[in-house]
Protein chains: 2
Amino acid sequence: MVLGLRLHSALYPSWGLACLLPRSFASCPGKSDSCLTMPQLGLLHRRAWASLLGQLRRPPGAVCIRVVHSHSQVAEATLTSQLKPHQEKSNFIIKTPKGTRDLSPQQMVVREKILDMVVSCFKRHGAKGLDTPAFELKEMLTEKYGEDSMLIYDLKDQGGELLSLRYDLTVPFARYLAMNKVKKMKRYHVGKVWRRESPTIVQGRYREFCQCDFDIAGQFDPMIPDAECLKIMCEILSGLQLGDFLIKVNDRRILDGIFAVCGIPESKFHAICSSIDKLDKMSWKDVRHEMVAKKGLAPEVADRIGDYVQCHGGVSLVEQMFQDSELSQNQHALEGLRDLKLLFEYLTLFGVAEKISFDLSLARGLDYYTGVIYEAVLLQTSARAGEEPLNVGSVAAGGRYDGLVGMFDPKGHKVPCVGLSIGVERIFSIVEQRMKNVGEKIRTTETEVFVATPQKNFLQERLKLIAELWDAGIKAELMYKNNPKLLTQLRYCENMGIPLMVIIGEQELKEGVIKLRSVASREEVAIKRENLVAEIQKRLSES
Amino acid sequence: MVLGLRLHSALYPSWGLACLLPRSFASCPGKSDSCLTMPQLGLLHRRAWASLLGQLRRPPGAVCIRVVHSHSQVAEATLTSQLKPHQEKSNFIIKTPKGTRDLSPQQMVVREKILDMVVSCFKRHGAKGLDTPAFELKEMLTEKYGEDSMLIYDLKDQGGELLSLRYDLTVPFARYLAMNKVKKMKRYHVGKVWRRESPTIVQGRYREFCQCDFDIAGQFDPMIPDAECLKIMCEILSGLQLGDFLIKVNDRRILDGIFAVCGIPESKFHAICSSIDKLDKMSWKDVRHEMVAKKGLAPEVADRIGDYVQCHGGVSLVEQMFQDSELSQNQHALEGLRDLKLLFEYLTLFGVAEKISFDLSLARGLDYYTGVIYEAVLLQTSARAGEEPLNVGSVAAGGRYDGLVGMFDPKGHKVPCVGLSIGVERIFSIVEQRMKNVGEKIRTTETEVFVATPQKNFLQERLKLIAELWDAGIKAELMYKNNPKLLTQLRYCENMGIPLMVIIGEQELKEGVIKLRSVASREEVAIKRENLVAEIQKRLSES
């Protein structure tokens, strides 16, 4: 089953090539035992592979080739065949991986505006920056995410450590705290995370996306940091002008209490929690069915759960729960209710209580939460004229995770933590859509001055002039042409929104001046060369 | 060889566990055929595994376990055993993956300063931002990096596309241009790239590192964009005050011409190029030996090469090469020399020619360069008193790659490109070392005001006050304690370098004032509550 291939190529003179068909091939239809030799294959070119694959009538899927270097070094290359059986295509498709995308300059401008706003809020609350690697030792991520662990991207075992791409920024933060024995820290982290989500990209869901996290680690008096996290979420969501929003709040201990009171065995807590978490996408009827049919709950137990988890309200609901004769006997629930009451008190002082809803259906998927949990949702306002309504669901979430750091500590020492994560991809979709709807034009460069000439053979003077501007810190561009047309240069400034133009020609050179033109007003004035930088800086500071 | 395990755990109630030993285990010493059952294993805890591994006398290496979900879903988890045979250790080591690191808040401040400076230079030259995913389809990266392809991180095949972490920002940029049929673009990109470099972390070399790239794509008049790239490198290296530096410049076409003139067969061009690239680390004698003994060059051919590649100088060397009777007959070399002459002319106009050295030994490793290439090195100044000299080698590099975009285009349409990449990790090491040497203290937060109280039971008033400050955009912190001591609060401000303190107590509350204290001067004044925000803003704008 080994294809012997030799390469005679200028690019890979000393490389021999042996193609090993993948093990799975043995069980594929259309397999061939014949040994192909292609002594003049030349470059390891995709078309050659397509032809080779065609000869083998290879079914779609992956083909592994092993390239053996003559100096006993080995490299492996793997190609995904784009070929369908009986439907061969010799061009390969240029694309980004499924669930990922490039951000164009226009999108980058929007993204940067949003991130600046988020980070400045984190800094306003005294957070320090932190960065962690994109991948972690695989074992650092195990046992942290429950059923979601299946969505973790693993790296190929290429010798050495087994690695996985980070799934969130929270677990690396906890790992950092444990590793450096840090007992107290307020940090923010903006970075990409990766999740092998189901292929449908809807509602701004990607497999690679950016998270903005803020967390407070340390042993403090109850609910003060927790309240600050909710205040931060309010400041960011208000600041980004995303329309009306609501933050649902609950507590894992209250949920545990409810489950216990309803008679659910402790072993089923997590499974029921994950069913309840679906209440924002599924009706109570469907969730009830799942709990009864799939998770083996007695119908009457499910109904008792239903009575609870369909409740939501403000601080009055907390009071109401305190009156619940059964729930108030449960130690866990009681602790959760007391903390929520205190939380509402602090949120009132922060002036954001009216944005918060105590919602017993909020469960949050991740395993590591231990106390208060929250999730911010945008409220659908009546769609404005011409504006497509965009359903984005949750845009920020978080909670308390007092046990996570202890999972990393050899002695199990705990560091209580509470934090939040802003889902900027979703916010980004909204802001982008809004800008499209209003037809807002985005400048993708910050260029302030364009260096132009109306004459031929003035490249040298333009280069000298632009270097002066750059050295003075002025953002400047010119055409990379020996003899550009003046009209082309003017149009470029107008298209790119460059406010100022400096023009140099023979006349100006003779008189020791430069023409300074305002692109918008088309006014031109001649300015002494030695005063040019100062004049430009004056104009820019005025605008 | 299957270990039957059942889990009875609160966390994984519905999960059964089957442990499959890895295939490689069969050939390991100390293997055991016995079937272990651990009905009460409980959590999939690392210590339990350690014990299991101990019973099996597993040699060091990876153990794969397969966790089978009862709902027919399958997840895989892999643990790297930290166990050495006969030297078992039940604690696992918390660390970042080999060749990677966290950036602490102190490091983040330094990093951000450097990146801000670099990006502002890119923007000064009219570049647009762009972002691409951390991974690409594996086939996008093949055939681009020559021998360095072995350093690419592949992702595990978890079904779907075969992916690799990006190796640089240049190939994704070329992929973006081809995919979107962009013919002209000036973009910058700051992002992480990943390379499985040899384990020794010296000279600021990491497996994950940040690159800052600036590239100009498009068909323009010769050497104008190329000269701008070199000007940018000078601006950045001067701006960061890294000491004296030099930019070596060469042209792939001149190297090709030299090789042809010396009688090297074209098939060996790349191999000889990669030998010459080592001249900055190896002596000419050793490089010559490699070319003769390993790459099969005749000794007299190697000596002819030696005569050329040991030359370096300014524009006069370009003139000297023009006089070379053989080289000036070679079309490739002639084009390269003409372009270099023009480049030096433009660099003189930009005022940076004295930083540039025409160095025939510069070859650059990557396959995709087609014309001018360059590399910036810091010059070792005599180490200042108490300062450890830090050898960092190349800190920025780049060149022209006119064929790369065409490799992605189905019809092979070319888009000429030239660009540069700043190696910020290395620059970062230098700046960090310099700050350590001078004992510079770095503020890791930007907090402007601390809200304090000298009295007990004043949390509510503090919370109300700090919310006012936050809502006015003032960066503020308080202690997360119900009753903090005033001295603790004062010390915190001093340690963290927070300039202002606002103090509220019973007396102030009664009089409707707040005490505003300058932490440095210890001066305190009482200010009417309604004027507080304005007064703080005034003080901050003055400082």
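Every residue gets a Cβ built from N, Cα and C, even glycine.
Quick look at what TrEMBL annotates:
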type	residues	note
SIGNAL	B:1-26	signal peptide
DOMAIN	B:99-454	domain 'Aminoacyl-transfer RNA synthetases class-II family profile'
BINDING	B:D168, B:L169, B:T170, B:R195, B:Q211, B:D215, B:R364, B:Y368, B:Y369	L-histidine binding site
Going by DSSP, is B:Q211 (L-histidine binding site) part of a helix, a strand, or coil?
strand
Count of other CB atoms lying within 10 Å of the CB belonging to B:Q211 (L-histidine binding site):
18
Would you identify the secondary structure of B:T170 (L-histidine binding site) according to DSSP, in three states?
helix
Across the record's L-histidine-binding residues B:D168, B:L169, B:T170, B:R195, B:Q211, B:D215, B:R364, B:Y368, B:Y369, the largest CA-CA distance in angstrom?
21
With H, G and I counted as helix, E and B as strand and the rest as coil, say where DSSP puts B:R364 (L-histidine binding site).
coil
Report the same-chain neighbours of B:R364 (L-histidine binding site): residues 6+ apart in sequence with Cβ closer than 8 Å to its Cβ, ordered by sequence.
B:R252, B:D277, B:I373, B:E375, B:A397, B:G399
What does DSSP say about B:Y369 (L-histidine binding site): helix, strand or coil?
coil
